[in-house]
Ligand code: NAD
């Protein structure tokens, strides 16, 4: 059987720097765990624009459709701010999400003990936190028609439309229930069924899908209360499923409970391919950080944790994903810190590549 395939799209700014550290980890799995991947690399974002005049070439899009997983660094930068909207770096990312039909966005919020002081909340509220938000990514108010700014009488009106079909809700719900089955079998669905018809339908469909998962304890919460509860007592949650708009806000809120942007991974999953693996793209939550690009200051952990998600969700290697997460936890517990993680208690300052090397050392020690 051929090796599983990965397409790496490092992108712009710190993207290539953090991705170089992911390459070390991928190579380690090939050398030490007999887990080899066929890795290819291509351009996205500003880097693709510089070469092709578009933020994602058709050939790159075609490759992304064929591989088992796409790993993306980050796109964008001040140099490209003047470009027309249609060729801005971010359009490359949106094209990947749209054409791969990546409808379920998985955003973990996990607090590493060594970084619990970084949260703006009290340590005991966040220590040990491990929740997963599943955000519907391809429908809802960001895509619904009609949309636009129209003349109405003697003033203008801005319109966006929240629209969800039953099948769109169903596939997002199913992804969330499947995840809950692999975790603590607890799922909370968030909408605003009190004021939105789309919320009423959302609740109905999630409840119906839930009948297929009797082991999962399903609860429903209005999204505004959900926001309060996430800040008040986040550990009450395991998996949360919600729509595109609420998910956008709630996942950022939950992520920040845990501290630095340099620590946050994500996965975007679509329908299963012929080999049973879901269409998938993994990427850190952060952007291209032009303010620190090229200085060896970027924290590569968000990108490495995104690869850990690929091990778990695309390659069925949950134990190896845990090995990688544990190695990262060990490095942090040892006080190894990129600049963004340097708090008042100090630590051993390291560059991007030194952080990667420390994680490899911890992986070696895990054998
Ligand atoms: P950003 O995430 O790039 O940076 C925000 C702040 O966090 C900066 O101070 C940066 O130095 C810091 N930071 C981010 N990642 C870090 C890391 N791994 N290690 C250490 N520090 C880190 O957001 P921004 O400054 O608003 O945007 C910069 C560019 O990135 C823009 O062009 C924006 O459009 C783009 N962007 C891309 C993505 C993406 O590719 N998914 C996401 C967000 C922003």
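Every residue gets a Cβ built from N, Cα and C, even glycine.
These numbers come from a predicted model, not from an experiment.
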Among 107, 147, 208, which residue does TrEMBL annotate as binding substrate at the site that also has 97, 135, 224?
107
Determine the minimum-neighbour residue: among 97, 107, 192, listed as recorded positions, which Cβ has the fewest other Cβ atoms within 10 angstroms?
97
If you measure from the C-alpha of residue 107 (substrate binding site), which of the binding-site residues 77, 81, 252, 289 fall inside 10 Å?
252
Looking at the binding-site residues 224, 289, 293, which ones sit with their CA no more than 10 Å from the CA of residue 192 (site 'Important for catalysis')?
224
Site of maximum Cβ density within 10 Å, from recorded positions 85, 142:
142
Nearest to residue 293 (NAD(+) binding site) by Cα distance: which of the binding-site residues 97, 135, 224 is it?
97
Can you list which of the binding-site residues 77, 81, 97, 224, 289, 293 have their Cβ under 6 Å from some atom of ligand 1?
77, 289
